Amino acid sequence: MPSGSVKLHSIKKLGQENHSYEFSDEGKFRFATCNDVLKMVFGSVCAILHGSAQPLMLLVFGLLTDTFIEYDIELNELKDDRKECVNNTIQWKRNYTEAFGQPSILDIEYEMTQFAFYYVGIGAAVFVLGYFQISLWVTSAAKQIQLIRRIYFSKVMRMEIGWFDCTSVGELNTRLSDDINKINDAIADQVAIFLQRFTTFVCGFCIGFVKGWKLTLVIVAASPLIGLGAGLMFVAKLTGMELQAYAKAGAVADEVLSSIRTVAAFGGELKEVKRYDRNLISAQRLGIRKGLFMGFFTGYMWLIIFLCYGLAFWYGSSLVVDTEEYTPGTLLQVFFGVLIAAMNLGQASPCLEAFASGRGAATIIFETIDREPEIDCLSEAGYKLDRVKGDIEFHNVSFYYPSRPDVKILDQLSVAVKSGETTAFVGPSGAGKSTAIQLIQRFYDPKEGMVTLDGHDIRGLNIQWLRSLIGIVEQEPVLFATTIAENIRYGRPGVSMKDIIAATKEANAYNFIMDLPQKFDTLVGEGGGQMSGGQKQRIAIARALVRNPRILLLDMATSALDNESEAVVQEALDKVRLGRTTISIAHRLSTIKNADVIVGFEHGRAVEKGNHNELLERKGVYFTLVTLQSQGDKALNDKARQTFLKNSILTRKFFLYRASIRQRSRSQLSNLIPESSVEEEEELIEPAPVARILKYNIPEWPYMLFGSFGAAINGGVNPVYSLLFSQILATFSVTDPVVQRREIDGICLFFVMVGVVSFFTQMLQGYAFSKSGELLTRRLRRLGFHAMLGQEIGWFDDHKNSPGALTTRLATDASQVQGATGSQIGMIVNSLTNIGVAVIMSFYFSWKLTMLILCFLPFIALSGGFQAKMLTGFAKEDKIAMEAAGQISGEALNNIRTIAGLGKERNFVELYEAQLESPYRAALKKANVYGGCYGFSQCVVFLTNSASYRFGGYLVRQEGLHFSLVFRVISAIVTSGTALGRASSYTPDYAKAKISAARFFQLLDRVPQISVYSDKGDKWDNFKGNLDFIDCNFTYPTRPDIQVLNGLNVSVKQGQTLAFVGSSGCGKSTSVQLLERFYDPDHGRVLIDGHDSTRVNVPFLRSKIGIVSQEPILFDCSIAENIKYGDNMREIGMNEVMSAAKKAQLHDFVMSLPEKYDTNVGAQGSQLSRGQKQRIAIARAIIRDPKILLLDEATSALDTESEKTVQEALDKAREGRTCIVIAHRLSTIQNSDMIAVMSRGFLMEKGTHDQLMALKGAYYKLVTTGAPIS
């Protein structure tokens, strides 16, 4: 029988699930209109009628069998009477009639015609019912889903910004697409199919009990065994065990990839690959065990099924032959009735899964729909003032972001901003400047205190009205993917073209817009990608101006620009500030100098207030900012002049940098990296050729051979079953009881044998293929991990290769590749032998009938495939239709702050609703096609049967074909046809496997720019450690527009200490990374002992360098192992570890721990304090015995006490080594041999502490004011 019966659930369980499913439905259907309800009711009626069709067919089938057998028995009796006429049936019948005078023999052809009509009638009804049950349910679901999407999206757009901080945009997009699709699955076709299958289940059992309760009870008695098998198999399938088993290896991969710089610096790549591989063993074992289990249970199912057949036919035949309670037809009706009931019960269970996941998805979605936003931007409530002056005041405002409640951003902030004045907010990153601005826009409400506008608390004002007073220009302006004019129109609805032109003139944008070919109708591209930074800024300024705002907020409006554009944009801003209340946040002096009031922020408070000159005298926050910057500017201008003379072409790139790369809260970062861009690129991969996948699987060929052998035998089981089944029927027409009994017993025994054989071959197939597949997965994971660790560091900076993405790729891609080799081959072999054996057998017994049925075979296979596809549902097709709507929702959610600032939520909701129309239309069209297909696939079997039994009747009558052969041929081909269709769709996703493999091979084939595994490159014996940076220019590969190093020249002799000083983002750490060869300079050279770094062997170079960084990364293992990590080239003894620990002032502390050196440090060293972690990191660097020591802010994160200890340890470690120190604290730097003060990527001044003090330059100012150097 078709393998659907494998999915049987025990009946009791279904009852419970069914019950629970009905009661929660008001939830799922809460958006249904009357019309929808009518459709659903009518659809359900159709489904129930359709469900009773199959059992009906059994009644017909039973009569048909009886007719055939009667006919055969009569023939046999006649054979005994007139043996001389055996050779020619027709001839013989004529003689017979003459002799006896009455044709008592059945007219088999006439009877068969009647049955054919029954079949056709049932078939036609099934087609109509199938069509209606599906199309009605699908259309009503489409209507409800459209409504849910609309309500959900409009609700999300009303949420306050804090809610978006806590909910990632990706998650919301998934909910809009996948989760709502899940609800769709649960309330669409699946309900109808569930009802239909459930009805079949009920009717099948009814027929069984009505027609023959004894046999039914016998079969039911055996069914718990099947249920048990199915249940256990389900458990074996569902255990997420292999994911847990892989979790350990996954954790290793994640740990290693997140700390890739540490791994690279200490040359631990191969060690990590080995550690990863060791952890893969458990996952591999589990996978093989799972394969064996699956094979065992599948085999067990078949064994039980065949034993049941044997039992049923043996007991049933005794009821037919000995007690004559049943006719043979009744036997078949009862047997198949129960069988079909059981199978349909099994096939109904996936529907329950769909209901459950739909319910789960609905809970989340309805939760959001029912949530009331804390700040409802679309509400009508609140005052609107008649006159607005524009005085803004913060009264003791305290605030933290809802996404990070433990970090206090504003702490009792009190600031007054007078109307008509320009106030500048300055201060280091994270001091709360941007946050203050977001509070004015009422993106958030303060936790304590209040923000007032003209003395009114802004919480009492109408939000849309409040935001309409404010124009905002951000650091990264967001433009929408439409024309320039439309983008400016977003500022104020219904603005005339004249106003737009006036606004662009004020924003210095008019001229460049008029130079564009399409002028104002130029499309700006996704996220404004077609425009340069300066152009985007000016369009954003025009958009702010067109609102004619009372209050203008400038958040770093010019920081992302080069000098030229900055001047232009700055001029535009100076023009528009007049007469408005303006708040400007900036890091550049030029922007702030001429503000009326400057407010200095630090740690969420306003610490100073005054104008430029007053604040310079105070020597506080503002002063530090200014000194560092003016120096940088001076150096920059000198540098520019030199370059200008050198090549007299001033590249614009020269001025591209940002004073500080500000750290934004998560939601803002996600704007910079659009989440959708990752997926689009992956789609373009060519699927990998199977040959190459198999090449990786070659070592497992014996397993695959045995597996295929098992699969071939399994394929032969279906046809053998039909052979036995027809043989049973043949025995019923044998007249001699002894022979009859003997034959029946023989056949039942044969059933048992087939069961036992298939039990073993299923196990063989399951084990062999899972073994080869798991070994392949493990091999690929190892190779993939090896390849990942071999890439250059720049590759990891790309957000597509974030640790998360890479670990998932290892986890899923590698295991999906199995789908293209192991089990896939099994499936193919299985289907081929199945079809092959069936067709050969059928041709052998009756080629004419076979030819007729083969005409139907393609349709049967199609219908089998279609039904299997039905099980999985059709949600995938909807995704494409949803793309346009998805783009709008994606753009809206990614730029929610901009939209909220402009008060444009309603527009986006309307746009989105308009886009939902086409998926809805598509769904209606699909409903009809889909209903038709379903109806057709359901009625094919009926039609096939009607044609073939009618033709079979003709053959039996005219050509003396034995009737059992008719059954044999029909059942052989029909079962193998459906099996073929099923197999084609049950196969694990073949296409997916090929794409996963291709992604993997892409990784394996990528040639890193800086190769860790190669032996090429210079090595030399007497490594001294002289370092020279010559004219180094560098930009990070992921941010090519920001120049980090700008012609750095500095050198260190062997054994000297060089200290780098400068504000963050000036390129200190970058120079260290160039030395480690994490990157290579874009221009210029780094020399080590006179060798160009790009020519030096990478592992050799890194083995000579020890590094201690600001946040040292430790691995999740013991202290000793962490220290040993310092040198992965050799085995290190405990004595060495201890001496290194002593040098690092660590030994005493470790000895005080209960487990001493075997103490586990926890993930990322979380069990230790910072000072302890630092000292382990120092010991790790010492044990390397490096010639060059790099200390990247090694003590900055410590308190004074630990700093002393660590500093002592560092001073010891520095002896006799070339050392580069990056530090913020003077105490750390003073005694260096050379101090280099950097700003914006080049050296401003260098010399010893005393020389620099004498210069009275930047360093002098820093030291004398005692300001932190940051």
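Even glycines carry a Cβ here, placed using N, Cα and C.
Note: TrEMBL annotation is automatic and uncurated.
Taking TrEMBL as the reference, the stretch among 461-484, 701-724 described by the feature transmembrane segment is residues 701-724. On the 0 to 100 pLDDT scale, the domain 'ABC transporter' (1027-1265) averages 78 in this prediction.
Between the transmembrane segment (191-210) and the stretches 40-64, 701-724, 825-845, Cβ pairs under 8 Å are most numerous for 40-64. As a quick check, the transmembrane segment (701-724) and the transmembrane segment (744-769) clear the bar of 3 or more Cβ pairs under 8 A, pairs 6 or more apart, so the two touch. Touching of the transmembrane segment (292-314) and the transmembrane segment (825-845) is ruled out by the presence of fewer than three CB pairs under 8 A, sequence neighbours closer than 6 excluded.
Only residues 6 or more beyond the boundaries of the transmembrane segment (744-769), in the same chain, are considered here, and those with a CB under 8 A from a CB of the stretch are 288, 291-296, 298-300, 302-307, 309-311, 313-314, 317, 321, 703-704, 706-707, 709-711, 713-714, 717, 720-721, 724, 727-728, 731, 822-823, 825-826, 830. Nonlocal intrachain contacts for the transmembrane segment (326-345), taken as residues 6+ away from its ends with a CB within less than 8 angstroms of a stretch CB, comprise 1-2, 4-5, 8-9, 11, 14, 51, 54-55, 58-59, 61-66, 69, 197-198, 200-208, 211-212, 215-216, 219-220, 223, 226, 312-313, 316-317, 319-320, 729, 732.
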